[in-house]
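Beneath this line is the structure, given in structure tokens, with notes to follow.
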Amino acid sequence: MGTKDDIERVLRRRGREVALVGVTLALVVVLGILQPRFVHLENLRFMLLGSVVLSLVALGQTFVIAMRGIDLSVAPLLGLSAMVCGLLAQSQGLPLWIAFALSLGIGVVLGAFNGLLVSALSIPPIVVTLGTYSIYSGFIFIYSQGTQVFSIPAAYGHLGNGYLVPWLPIPIPVLVLLVVLALCSFLLGYTRFGRALLAVGNNDAAAYNAGIPVGGIRIAVYALSGMLASFAGLMFLCYTGSATVTAGTGDHIELQSIAVALVGGTPINGGRGNLIGTVLGSLFLSVVLTALVFLRVPAIWYSAGEGLMILATVQAGLRRHRARDAEAVA
Amino acid sequence: MSRPDAIPASAVRSEANTVKPFNRRHFPLDGWEMTLVVLLVLVLVGFSWAAPGFYDGMPDLLSMAENFLPFGFVALGLSLVIFTGGIDLSVSTTASLTAVVVAQLWHGFGMNIWVAAGIGLLLGALLGAINVLVIIRLKIEPLIATLATSFIYGSIATAVAGNAPPSGFPDAFNALGGGALGILPYQLLLFVPLCLGFWLLVARSAYGRKLVMVGYNREVALYSGIRVERILVVAYVLSGVMAAVAGLVLAAYYSAARPDMGDPLLLATLTMVVLGGVSIFGGEGTMLGVILAVFILGFLRQGMMIAGFSDMVTTMVTGAILITSIAVKNLFNKRGTGLGNQLWALLRRPEATGSEPE
């Protein structure tokens, strides 16, 4: 009986994560039976690595959405950070730790600018980040002057593709993601800041009356989102070894990150945030897209697959919630 | 908040809150619309003065509109959706898909181009209907629903286009994009009646009142007996149709249909609608503001290009204008609670520092 109750409790509290893991595993198993190469270690590693950049961006997006905001400017921030660090590394051999600090700095400053506009001037976040999306994309063009990054120092490549220790077959970016996920989870679940941002997402007027510095929290959350997007840009640079002016904006990573956060179980109306769900959602997307490649589906249908995935998972999530609400009423 | 010895700002405020029999506006335009008119004049005069070649006679100025009116068509339809408090991210791919399907019907099936265009408009309505069905029946937020359908429509557009998208439409059809009747471009001749129609729909029809009501407070609208779902269906379907119109006009303008043709439409039209004074949360704004914003941003882009700025700088300026305009609007709001109003009040009466600027 005890274990059954435990399972029920886990399902109720962690239903989204369990469902995502289950569907992802099922997909991997089915594809593995159809195409044995799909479960080859190299491909599994590829799928895992492919989800890291999006996961990092989507973690920041999760914070913003949990606070009932939205951040479209993550895509140009990713591109800007990749471009600035990449060009400096390519031409002047910028040390990795400075690139690290530089990318975080860019993200914090430009992200905080978003937050400042949202909180001090009370402009709706979608309008602010739509505007800064254009402005930050312009920065990429101005900074790059039409050039692009095609070679990066070995240290960067090691960070993007290497292994920390030879006997542990987990690539460094995945370890980085796990560390960031742990830090973010701590921040959201176990700090005053996390509680405050959820309160703001739930009801900002009530949060203000409860003495929460709503404006400050907003600025901090957008700065955090900008920082993570910018850091994702550095990881993107290290992983792919290149950066072009359309990095981030070309793949519509801002829309993907929103989709993944929603798929992961963070409601668009804020008040709750599911960071693990976000990372699992991003992994799920990576597996689905790779599966489409293995099934020889033409590349043009990938974004349709993404769209259907968003509808299906969001719909499934709503159904669960409604069922739970009905249960609560009864 | 209110003090007996009223400062000018709060005097205006209290007067605005009082219901008087003749408390009507003395001027036909709202404050924000006046600002937009001034902006439009500034843009036109400024570029005529600063950028040689911008003003080259009236016909030239009018034909310049051909470059940005496709955005205008989308903006008209998108405003309806934003009035309801929703959003339609699928306008760009709806435009592309329509253009590509019409082109294939004409090229692959040998259909008359005008019949194909008619089918294209119906397709736009259908795509809008799918959006609103997903939103109403599956109860998914408009942002997510149209994000998803936008991905799907985009894929279908690419698939339908194939490797060699058709081009070289009949001249009569191309005239829709680039032709003119005298000095009036056909695009403008199409745009003006549509503007009038949408203005009448929003400002002078029962539907318009209900539309704004739904956006202002959906619950209240529902309890007042408004068929909210019907209002939403009309808004999204019209948004789809207008996106389809934009797709057709773009196809005619380039005499070609490409599956990524509509991509620049989304951000630019969203900027136009918001700059036009429509609240992104719904329930507030005017069609006239949107129409003014279409011409402001359109002429601004054209002027900057003629002045030799790159496309990217122009986009940056557009973004900055979007933010600045809303910031200014929020700083000085009608209720006098904005930061700007407060600072103004402080400057006028330094000792009255009781209220918290928030």
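A Cβ is built for glycine as well, from the same backbone N, Cα and C atoms used for every other residue.
Lifted from TrEMBL, the feature list:
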TRANSMEM  B:34-55  transmembrane segment
TRANSMEM  B:67-87  transmembrane segment
TRANSMEM  B:113-136  transmembrane segment
TRANSMEM  B:143-164  transmembrane segment
TRANSMEM  B:184-203  transmembrane segment
TRANSMEM  B:231-254  transmembrane segment
TRANSMEM  B:274-300  transmembrane segment
TRANSMEM  B:312-332  transmembrane segment
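Recorded stretches compared: B:113-136, B:143-164, B:184-203, B:231-254, B:312-332; the one with the most Cβ pairs under 8 Å to the transmembrane segment (B:67-87) is B:231-254. Taking every recorded stretch in B:113-136, B:184-203, B:231-254, B:274-300, B:312-332 and counting its Cβ pairs under 8 Å to the transmembrane segment (B:34-55), the highest total belongs to B:274-300.
Most Cβ pairs under 8 A with the transmembrane segment (B:113-136) among the ranges B:184-203, B:231-254, B:274-300 are made by B:231-254. Within its own chain, the transmembrane segment (B:184-203) has Cβ neighbours under 8 Å at 62-63, 65-66, 69-70, 72-73, 76, 79-80, 83, 175-178, 211-212, 242, 245, 249, 286-288, 291, counting only residues six or more beyond its boundaries.
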